[in-house]
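Here is the structure we will look at.
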Amino acid sequence: MQKLQLCVYIYLFMLIVAGPVDLNENSEQKENVEKEGLCNACTWRQNTKSSRIEAIKIQILSKLRLETAPNISKDAIRQLLPKAPPLRELIDQYDVQRDDSSDGSLEDDDYHATTETIITMPTESDFLMQVDGKPKCCFFKFSSKIQYNKVVKAQLWIYLRPVETPTTVFVQILRLIKPMKDGTRYTGIRSLKLDMNPGTGIWQSIDVKTVLQNWLKQPESNLGIEIKALDENGHDLAVTFPGPGEDGLNPFLEVKVTDTPKRSRRDFGLDCDEHSTESRCCRYPLTVDFEALGWDWIIAPKRYKANYCSGECEFVFLQKYPHTHLVHQANPRGSAGPCCTPTKMSPINMLYFNGKEQIIYGKIPAMVVDRCGCS
């Protein structure tokens, strides 16, 4: 009993020495700490977003094998963009890159972009090819991407000027060759007959896959082509050298290639928004606006959802690899802590000008963060 009384006296003495406790003050201190923590988290996320955007710019140039962003003005883009059905279809299908992360898979992408469609505009050849004393259209230089992929389709697109009366048009595509003994300078590729009605001009496509494959096998045989589209009166309706008001009506080649799909594996993670108070590793939304960055050379998409990872990775949280937690338990001082990083990324499709003013439609791997985790 005496021991109990002694303990009570000691406890009361300690309370008196410590002085009165202000519960409101403790509550305010706790609230300030919480606010400071949230503020620090917001600042950290903002810095992470800025770093992510800069990293995306570097990755795009690297994956497209570009040392610098192509310097193409908006006026030049208006002149170079073909006003043709295949390009319009590619542009029309673009919205902000859709967020499709529900499958929970992790794509094993290669680093560099994989090309799906290449639109090649005519250019000047290394030599001046002339027939009957006049330069002939057209000569096409091909990207190295075409040579190392399987060509599944190659279309030559030509624009035919409008006619005033109904007429039949005879279209002829000729391949220029080295002069033969009999003086022949070209050989036929395709011929077709079209019926045109008065009104607007039309785009016509011609299959040139076989010719393209031959050119890729024997590049020295690529001397260019000649395009003719004669009406019943002998007038050439094909736009080969665009005149005033004919910007975007140049002939061009549309080449499609294919790539082998890759396997995937399963993974999961947390999703948050900018107002989230989640402290753990989480995926946050981030939209990259190429127009705001001044990258007019990217035709589409003008913006896409890139997302980013941010948050803490304590060892009590689920690790990407089971051995990570085991190693830390065995040697907690010798192992570095895990980082919040993407565990699932997906590609984006992009339509853009390369450094040679060719229009490329390709797939760039690992540009969208779909899942985040600690590893």
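Just so you know, glycine gets a Cβ as well, placed from its N, Cα and C.
The signal peptide annotation in Swiss-Prot covers 1-23, and the record cites sequence analysis as its basis.
The N-linked glycosylation site annotation in Swiss-Prot covers Asn71, and the record cites sequence analysis as its basis. The Cβ of Asn71 (N-linked glycosylation site) has 10 neighbouring Cβ atoms from other residues within 10 Å, across all protein chains displayed.
Taking the Cβ of Cys282 (disulfide bond) as centre and 10 Å as the limit, one finds 21 other Cβ atoms among all the protein chains shown. What Swiss-Prot lists as disulfide bond is Cys272-Cys282 (among others), and the listing cites similarity to another entry.
According to Swiss-Prot, the disulfide bond annotation covers Cys281-Cys340 (among others), on the basis of similarity to another entry. Neighbour density for Cys281 (disulfide bond): within 10 A of its CB lie 26 other CB atoms from the protein chains shown.
For Cys309-Cys372 (among others), the entry in Swiss-Prot reads disulfide bond, with the evidence type similarity to another entry. The Cβ of Cys309 (disulfide bond) has Thr48, Cys281, Cys282, Arg283, Tyr284, Cys340, Thr341, Pro342, Val369, Cys372 as same-chain neighbours under 8 Å, each 6 or more residues away in sequence.
According to Swiss-Prot, the disulfide bond annotation covers Cys313-Cys374 (among others). In this structure, Cys313 (disulfide bond) belongs to neither helix nor strand by DSSP; it is coil.
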Out of Cys272, Cys313, Cys340, Cys372, Cys374, which of these disulfide-bonded residues shows the lowest number of other CB atoms within 10 Å of its CB?
Cys272
Roughly how many Å separate the Cα of Asn71 (N-linked glycosylation site) from that of Cys313 (disulfide bond), to the nearest whole number?
42
Can you grab the distance from Cys374 (disulfide bond) over to Cys272 (disulfide bond)? Cα atoms, rounded to a whole Å.
15
